[in-house]
Amino acid sequence: MKNIRNFSIIAHIDHGKSTLSDRIIQICGGLSDREMEAQVLDSMDLERERGITIKAQSVTLDYKASDGETYQLNFIDTPGHVDFSYEVSRSLAACEGALLVVDAGQGVEAQTLANCYTAMEMDLEVVPVLNKIDLPAADPERVAEEIEDIVGIDATDAVRCSAKTGVGVQDVLERLVRDIPPPEGDPEGPLQALIIDSWFDNYLGVVSLIRIKNGTLRKGDKVKVMSTGQTYNADRLGIFTPKQVDRTELKCGEVGWLVCAIKDIHGAPVGDTLTLARNPAEKALPGFKKVKPQVYAGLFPVRSDDYEAFRDALGKLSLNDASLFYEPESSSALGFGFRCGFLGLLHMEIIQERLEREYDLDLITTAPTVVYEVETTSREVIYVDSPSKLPAVNNIYELREPIAECHMLLPQAYLGNVITLCVEKRGVQTNMVYHGNQVALTYEIPMAEVVLDFFDRLKSTSRGYASLDYNFKRFQASDMVRVDVLINGERVDALALITHRDNSQNRGRELVEKMKDLIPRQQFDIAIQAAIGTHIIARSTVKQLRKNVLAKCYGGDISRKKKLLQKQKEGKKRMKQIGNVELPQEAFLAILHVGKDNK
């Protein structure tokens, strides 16, 4: 056990994490040169394309160090984006140390910071590495100081390397072996294995990535999942050298994969503990929590006959993604679809893109909403994830909205713009620290505002320099109202939105104006109204198309003209009673952009 090293790499997007892992795999001979390709560990096309890591992966490598010993390195790859922070914390819980990779040109960013603090809270040994030193813009001294200032770890002798050219990667490995402690644990004790990640394989069922904390797991053992109490047979187990290699046992301290013929990914929840059925551990490993979606949106197929295919596609995706939540929803305007819950906006985009790309579906998304906590007058607490589920105004005793704690890192020059943006988003400043010319800002901002377009606007006001990390803090009482859209007096459920009372007038007016441009003119007037309860706050009218009935009259008597106009008016009135308004697709997308253009 003393020769095992479990580590992961913490890095901001694009700081060279995947490239560094490619180099490490190459040096340790995990893959032959022929099989080597860029970003070995990012297995999804989307991961490659966006240059981000979404699912955790692991690799077991043998490294012959300069002291003559051969070490087993277990490298667990972690996602870097804020939406996947729970997956990061699971990956880190399986390690004893982490490499903090920072781009020597760009310096420390907010997400690096968030994950680094998670690692330090778990008492991991953090080893700083300065990457991309071959770039002309690299300034390793300044960045080393930045790491000491902002993160607070000693970086004077940080390893310098360039993953692209391979310079200094050997030093990274030596430092790894020297500084990161070997795993602790009792090889003779009852089995405790942490599930780092699970994914679905068409042939094997659910494959789980596990780290053995105590005891030993052998092929053919009966294992028990501690949170659900179900038992399974350990059919196959082994390690990744990125390729799957079968083994007969996994020893204490090792990281590997396990197949138990579980059909459903919820049977092996990420972060759960596995133990032996015949000799169970007394308690589960700490840190397991059910992942709760933060953002909800309705997804509807454009063609209603795609509904079945859509349902199957969601089912398949959720096999791989335990944090994706969905339930059927029907809307009078959009037909049948699903209400889906996501970890954040990036997660939502990725799921939507995967549905459209891998399953050939055309989808409409309704405006993303967050979960509100509503206390009704009968003192019962319910959680509302869509405007249509909100109880009537007179039944609500108190409505509480989720507040997110946002950590931002940005250059001083953009401080004013960013503070203005945060205040506009109803944010409350809780902390502000200067580090050289960087500022670390902490704000508490309502989740609904963060979800709408906060990230895009933050990037544009700071010219892309600001970085953001947010997490759910608490529910807080707030004066929120539901704005309904009525078209000719009929509510359109898919267009409703929940917003703060102060913004409701503006949001309502913008929405109505936007709809007016999008709804085609008909033979009769169309009234578009925004209402809070029964109180109308904005209205605009799409004018009717009318024929000039007086064209044939020439001179003519006034009473003759009046008669014709009156007749036309009655016809229009009759039309209006029976006419239906067809809403075009763009109308639903309009909601997504309310409040974006005019800023």
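Yeah, the Cβs are placed from backbone N, Cα and C, and that goes for glycine too.
Over in Swiss-Prot, the protein carries these features:
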- 2-184: domain 'tr-type G' (DOMAIN)
- ASP14, HIS15, GLY16, LYS17, SER18, THR19, ASN131, LYS132, ILE133, ASP134: GTP binding site (BINDING)
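In the shown protein chains, 23 other C-beta atoms lie within 10 A of the C-beta of SER18 (GTP binding site).
Other Cβ atoms within 10 Å of the Cβ of ILE133 (GTP binding site) number 20 in total over all chains. The most densely surrounded of the binding-site residues GLY16, ASN131, judged by C-beta neighbours within 10 angstroms, is ASN131.
Annotation note: ASN131 (GTP binding site) sits in a strand segment as assigned by DSSP.
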